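Below is one structure, written out as structure tokens; comments come after it.
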Amino acid sequence: MLALGKLLELTLTDHEPAEKTQVTPKGARLRWLGEGALEVRPAESDDCGLDLLLSAGIHGNETAPIELLERLLHGVANGKIRPRARVLFLFGNPAAIRKGERFIEQDINRLFNGRHELSSGFEALRAAELEQFARVFFSKPGRNRLHYDLHTAIRGSKIEQFALYPYKEGRKHSRRELARLAAAGMEAVLLQSKSSITFSAFTYEQLEAEAFTLELGKARPFGQNEQVNLDKLEERLIRIIEATEPEDESSLDGLQLFSVSREIIKHSDSFHLHLPADIENFSELSKGYLLAEDLAEMRWVVEEEGARIIFPNPKVKNGLRAGILIVPDSGQRLG
């Protein structure tokens with residue numbers, strides 16, 4: 001095994017490799033770019049024209065996606081996977097990964113799209129660094145660009161594996177990409193309708209990549225992810241890396257689509273979310289339900305048919321999103 005194929009080990013030990021570039025048995029070049037960052041470049045004759053960014057560990061306690069990327073990188077390094085795409089592997093928050101914690105000072109996935117410039121501390125610096133890694137990686141003209149940011153969730157979910165598809169004005173969500181997600185085992189996709197400050201939103205809005213946040217199950221410690229089944233996703237990622245996907249894939253069978261109806265914003269310390277602490281993502285809420293209250297008699301009452309809640313979190317900082325109210329989407333606006 002090439003030393004650079006052990007990116008997780010290098011990250012966990014906070015070790016900088018002496019050898020920054022190595023070549024795999026299949027002729028692919030591995031290049032260490034910095035802490036938690038490794039580029040895989042296929043042999044020139046193998047290059048299919050795709051630039052694929054795979055990120056995990058934006059939250060340090062979300063280990064199943066980190067282990068998945070490590071398996072893929074091992075496959076490339078030992079020659080079992082022959083890459084035809086350029087791939088950038090990123091472990092988002094190395095310090096938090098080493099501690100097994102969600103973050104050190106603040107949620108790094110709320111610091112992209114320039115938000116880090118309004119903040120300070122370790123995570124703000126790392127968000128800026130991750131943006132730069134992505135910006136350089138996606139700077140080559142005339143290539144297809146794809147970014148999967150892999151996560152697991154704090155809480156359980158009625159729909160265990162789902163994706164969030166960022167928004168940019170004037171740009172349509174791609175049916176082809178949704179079919180790819182369905183083939184990768186995603187059960188649902190949330191089609192977002194406003195700009196965001198997550199990593200995938202940055203690469204989608206600023207770098208013209210097709211980009212997604214993938215939620216893959218419940219967050220657990222390293223070595224305890226037997227219940228998180230990523231077989232379909234792993235198989236699909238290998239196909240993407242090796243450029244062996246079916247060319248005419250278009251089926252969305254079994255894929256549920258949702259759109260954002262409203263975001264619940266916490267404005268003050270008086271904010272109260274009227275939901276059980278253990279409520280699962282995608283739980284249905286009945287029409288007329290009092291969802292949340294805040295200062296100045298501010299109230300959020302469910303008005304939508306078929307409404308569901310995802311990412312409820314009353315402990316966020318004031319001014320941030322404390323939950324998202326979503327509704328089924330017909331998919332009529334897909335490109």
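For all residues, glycine too, the Cβ spot is worked out from N, Cα and C.
The Zn(2+) binding site annotation in Swiss-Prot covers His59, Glu62, His151. A sphere of 10 angstroms centred on the C-beta of Glu62 (Zn(2+) binding site) encloses 27 other C-beta atoms.
For Glu215, the entry in Swiss-Prot reads active site. Taken residue by residue with DSSP, Glu215 (active site) is part of a strand. Counting every protein chain shown, 26 other Cβ atoms lie within 10 Å of the Cβ of Glu215 (active site).
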Cβ contacts of His151 (Zn(2+) binding site) (under 8 Å, same chain, 6 or more positions away): Ala56, Ile58, His59, Glu62, Pro65, Thr213, Leu214, Glu215, Leu216
Cβ-centroid neighbourhood (8 Å) of the Zn(2+) site, His59, Glu62, His151 excluded: Ala56, Gly57, Ile58, Gly60, Asn61, Pro65, Arg102, Asn109, Leu150, Thr152, Ala153, Ala219
